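TrEMBL has this to say about the protein:
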type: DOMAIN; residues: 32-270; note: domain 'Cdc23'
type: REPEAT; residues: 331-364; note: repeat 'TPR'
type: REPEAT; residues: 365-398; note: repeat 'TPR'
């Protein structure tokens, strides 16, 4: 997707807003600090509070500037002076969320700052009315039908200004937001890229662009400005695209050049480790972040997800109480409390708090996905489907929502739909064994056994989290009477669980030993068969079979039956699992047969 309309020379910045041109490297951290302080003030003046906070936090992580080096505020133009009274009044109304009133007093203002606040007030007024209607709507089906009525008018007016090249960096950002809200994705990307060229320091434009990029290929075709802000953008987009190694490398580079005290970077590194399920590392970083910034609420819902996965009830309870004391009406706080109740299996209460989070912010991705999980626990599949679909509307890259939809349709016994959603989840998380195992099970139900084999083998190859892929692959080989391949899978499974020392479910372990005992018995390998049969005696469900097999082996040995020498090596030797004996070759499941509902 080439951004043909977005190649605005960076020198335009000097005309639009002096002092905001940026370098491509981090050689002068003092200059970067000046730029961050300046853009924090400019975004605050325009009501872009999240961008202002981001810039201020980043500036705080850099060494303080001496008085002589502090930058004066940008000069006031004649237009700014004429609109000063109207702007000051309107900004006061804007700050108390009286958006219509702010827009009324800004009507007819000519300065770029006042014009932006005028248009932004109208946009936020429409969003506020839409959110109010969403809260009042009866059910999840109606939520998607509520629209911001101001968008079309704003698009027409901003489009005229854009064609006349009268929009500054902030105006381009707002135009891009309006286009994105109207689902004009290609046009929105072009405008956001243009905004980053005109005003590279505005983090909001980079973040909006981030939300529209769906894969690495799309990223390659963007013509982005050569600025130090691009490094923060790339680190963020790599995290979003699940390219975690690249993201962590970028964040490490940013720490090395001088941003080691940035709480934003630390939190992003924790989120990155959460995404690759390195739970211990992520928990350690979040705990450190809490000590550094104890009143921080951002990303604490992600922290609570990690505590939930580890079933750390007391820590999750403490986090929920702590956030309640700080701000009980933040979406993150509601999600943390929801996770706490979910861990206690109080799913109705958990769903209630996730609904409260969505009333506060209907576009909060985590709450939709978590609410879908709660509805699944309550066996309310139709509500779960609606919640997951809303999560995908907010962010199509949310693999948890796609995976949740797959699970829901699996419960409804609709394998073709289930397959479609699992494949979408797998495309977003190609190295997640859970997606691959789910895909394999789906193909198995559809009797596409070759594809199922590929999925199970690939799940094992990428690192099987739940230690189930080899067992499922072995059972598939059993079903196809491929005894040697089934034995090899069970052998590798036994080796894996004994080498890592994990406590596994006895059912799978006993199943593996029972099959191997019978397999070695048929092959007349008495020693190996005897070893496996003795292992079977340790499990309730295979004890009798193990004893019977041991008696048979003893009887045959007494009769002088000699063991065979045709088999290669006993199962404790890894030679039986050489590369030539692997059940299937390592084929990426993205080459699977295309079956869609």
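Placement of Cβ uses the backbone N, Cα and C atoms for every residue, glycine included.
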Note the mean pLDDT of the repeat 'TPR' (365-398), expressed as a whole number.
90
State the residues, same chain only, that lie 6 or more residues beyond the ends of the repeat 'TPR' (331-364) and have a CB under 8 A from a CB inside it; answer 'none' if no residue qualifies.
131, 134-135, 143, 297-301, 303-305, 307-308, 311, 313, 316-317, 319-320, 323-324, 370-371, 373-375, 377-378, 394
From the DSSP assignment alone, can you count helix, strand and coil residues within the repeat 'TPR' (365-398)?
27 helix, 0 strand, 7 coil
